[in-house]
């Protein structure tokens with residue numbers, strides 16, 4: 001199934017763009033070269049939009065300089081082209097353009113290493129201004145107001161139809177490159193960043209570098225678009241671009257919407273051809289882009305992709321009706337099977353997944369995770385103060401305490417999401433106090449979140465794939481089978497978008513993500529929220545089994561029954577300090593703890 | 001040189017007004033308004049049409065321009081930002097850039113693209129000379145009015161009931177709503193006041209610069225960098241950064257007469273400061 005998907009991803013763009021090129025060739029043969037030229041412009045827009053699609057729709061960042069980078073690429077390429085004679089010329093043209101665009105993208109996103117996306121988006125606006133108001137006004141660089149001409153003898157297409165052939169090849173190359181990136185670990189990492197940055201970090205994604213890379217890729221595609229512009233026009237003039245072109249390209253990406261590249265490409269090619277045909281109504285055209293943008297963002301945030309999906313769905317339904325296949329009921333039967341299977345696995349979990357009395361690890365078991373003297377303050381509030389805690393290999397440790405006791409803050413300090421003000425943290429003897437979250441994840445420190453720990457639009461399989469992000473050489477099928485077995489998830493659960501699953505199932509997918517690669521330490525923040533009693537029992541059994549195999553587990557939870565099943569040791573926090581620790585039974589009857597929890601000294605049942 | 005620095009600092013105060021308007025609007029609605037400068041541009045053209053080319057008294061023309069700025073800001077929020085709801089901040093940037101583009105296109109349609117003469121305030125008054133430094137009439141006014149706005153703004157923000165509600169909304173929209181603050185209405189007021197500030201800034205800077213539908217561009221980029229360095233949070237930092245940028249722009253623009261070199265300077269300045277001393281409010285790792 002994966003192979004057929006892959007070939008479809010290559011065949012579909014090649015076939016569609018090839019057919020469009022054939023249509024252009026026919027039009028050119030009839031002498032209608034203007035439309036052919038406009039289609040070429042559309043391809044330039046489409047190529048520049050492809051990189052933005054990855055940046056804007058996948059990663060959720062904004063570049064307001066894409067038009068500037070297209071212009072920069074065009075001029076750099078046109079400057080380099082005459083330096084190299086012969087067939088190498090066009091190659092140097094394209095390569096120079098890509099480099100120029102990508103370099104500008106990389107430089108402008110440098111602040112990303114420290115700052116939120118908003119800051120970088122604003123910096124891209126400044127880059128756009130600097131390019132249009134300074135770089136493109138250097139007479140030597142842009143060849144005066146007449147611009148740079150590429151000599152026609154030098155290995156370049158002569159007619160518009162030939163040029164569109166070249167552009168089609170370049171566009172296909174960019175589509176395939178962008179699609180490969182989007183389907184790779186990199187693309188998945190970008191989508192995870194968009195869904196939840198903290199989640200992406202804890203899955204081992206180097207968030208800052210990924211975003212910088214996304215800006216670089218977007219700049220590179222802008223460079224290709226610049227080269228295409230120069231090839232189509234046999235040169236480039238400064239008047240060809242205005243600083244509004246960046247807004248136009250951004251509009252095209254958002255008009256296309258999240259998901260497939262089809263939406264943005266359709267928007268770009270459509271806009272290229274339409275604005276050309278409406279050339280006489282210049283004012284209508286220039287108002288159209290910003291107004292269209294506002295309309296789409298307010299009324300149809302899904303963009304063209306949503307419309308395309310809906311249309312395709314409608315067509316499929318229509319086709320099914322026409323062929324009278326609706327009585328066949330294939331999919332419902334499959335679903336019913338899934339339900340049966342699920343019920344079976346839950347029953348199994350209730351029956352033997354739970355093993356109450358696994359002895360705690362011996363006292364000389366090595367320490368997996370340790371922290372000393374950790375302080376975390378929010379303004380004047382000491383959320384965690386002077387906490388020292390350790391969890392041994394093979395041990396399940398539960399953190400308990402009333403709301404606001406600092407349990408989640410402590411987990412954040414351990415996983416690296418919140419830097420402690422003082423204190424040190426070691427992972428199996430290695431100090432990790434200043435190690436970034438994603439590297440802690442790669443070292444085997446995995447975690448789940450109390451809320452928002454998944455990507456709602458992605459299926460469970462993609463979550464498990466994100467879970468294996470730190471290990472390149474993991475077989476996806478194997479991981480899915482193992483995790484599904486451990487947690488009692490069905491293949492149907494893993495195939496559906498997690499946002500549509502029951503809360504408990506989604507929670508299990510999140511835990512599965514943290515279990516996707518063998519780790520050293522697992523931190524779980526309220527894993528039982530949304531789980532049924534059966535699922536809780538099965539989870540307890542699974543966690544105990546994982547601990548027996550050498551995993552150290554630290555979890556935060558409020559379900560005392562669950563903690564009694566699962567935990568070897570309990571540490572109670574109140575107001576950021578440890579107030580009691582010991583076996584579950586001892587802590588839950590400890591008068592200090594019970595008072596902190598309930599306000600009176602009546603023991604928990 | 002000292003004249004360059006002084007006039008740069010005064011231009012910087014005006015940039016600072018726009019920067020404070022950006023911070024003000026951001027704090028109330030989590031949107032960086034890239035159209036903040038062009039709201040002022042439209043207001044300045046309204047003044048031009050009413051009081052310079054028309055014959056409305058100057059005081060009424062100024063009042064109408066300020067009201068127009070406020071109205072445009074309020075309408076933007078009411079018609080576009082509010083219906084968008086809670087989206088990521090990138091969306092706000094894109095939308096306000098589109099609005100800026102629409103305002104500029106409309107101004108080009110109505111008033112044309114060529115430069116106008118914007119009459120200096122106080123006609124032919126030569127200005128004041130202190131210790132060998134001459135301040136022209138419009139500069140004196142810019143200095144006075146900016147300081148007045150800073151003073152009035154901080155009193156409004158810190159002391160008044162409206163200021164309290166604005167601060168509550170900027171801390172947490174949800175918490176403010178549960179305490180009975182009409183969050184949408186308060187955001188609307190912020191956009192209105194931001195528009196008035198932009199209009200005032202545009203009227204102050206117009207006689208000191210080339211006046212056409214793009215004349216707020218340099219003001220806007222400077223103000224944006226100042227607001228960015230303030231983390232879209234602190235008014236004093238935004239004002240200080242704006243004055244510094246005004247001085248830098250003036251001095252560098254004078255040293256290198258190439259057009260646009262100040263935009264490159266601004267880009268380099270922004271990247272350098274963001275890397276060396278990133279504003280706490282925008283940092284990723286806490």
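For all residues, glycine too, the Cβ spot is worked out from N, Cα and C.
Summarising the annotation, TrEMBL assigns transmembrane segment to A:9-28 (among others). Long-range contacts of the transmembrane segment (A:9-28) within its own chain (CB-CB distance under 8 A, at least 6 residues past either end) are made by residues 35-36, 39, 159-161, 164-165, 168, 171-172, 175-176, 179, 183, 261, 269.
Feature annotation from TrEMBL assigns transmembrane segment to A:34-56 (among others).
Under the heading transmembrane segment, TrEMBL lists A:91-110 (among others). For the transmembrane segment (A:91-110), the list of distant contacts is 63, 65, 68-70, 72-74, 76-81, 83-84, 120, 123-124, 127, 131, 150, 170, 211-212, 215-224, 226-227, 230-231: same-chain residues at least six beyond its ends, Cβ to Cβ under 8 Å.
Per TrEMBL, the feature transmembrane segment maps to A:117-136 (among others).
Positions annotated as transmembrane segment by TrEMBL: A:163-181 (among others).
According to TrEMBL, the transmembrane segment annotation covers A:212-232 (among others).
Marked as transmembrane segment by TrEMBL: A:244-261 (among others).
Outside the transmembrane segment (A:273-298) by six or more residues, the chain places 34-35, 37-39, 41-42, 244, 247-248, 250-251, 254-255 with a CB less than 8 A from a CB of the stretch. Feature annotation from TrEMBL assigns transmembrane segment to A:273-298 (among others).
According to TrEMBL, the domain 'ABC transporter' annotation covers A:369-600.
Residues of the same chain lying 6 or more positions beyond the ends of the transmembrane segment (A:34-56) and with a Cβ under 8 Å from any Cβ of it are 20, 24, 27-28, 62-63, 66-67, 70, 160-161, 163-164, 167-168, 170-171, 174-175, 178, 181-182, 187, 190, 214-215, 217-222, 224-225, 228-229, 232, 248-250, 252-254, 256, 261, 264-265, 267-273, 276-277. Same-chain neighbours of the transmembrane segment (A:117-136): 60-65, 67-69, 71-72, 75, 104, 108-109, 111, 142, 211, 215, 238, 241-243, 246, counting only residues six or more beyond its ends whose CB sits under 8 Å from a CB of the stretch.
When Cβ-Cβ distances below 8 Å are used as the criterion, the transmembrane segment (A:163-181) is approached by residues 9-10, 13-14, 17-18, 20-21, 24-25, 36-37, 39-40, 43-44, 46-47, 50-51, 53-54, 94, 157, 187, 217, 221, 224, 227-228, 231-232, 261, 265 of the same chain, each at least six residues removed from its ends.
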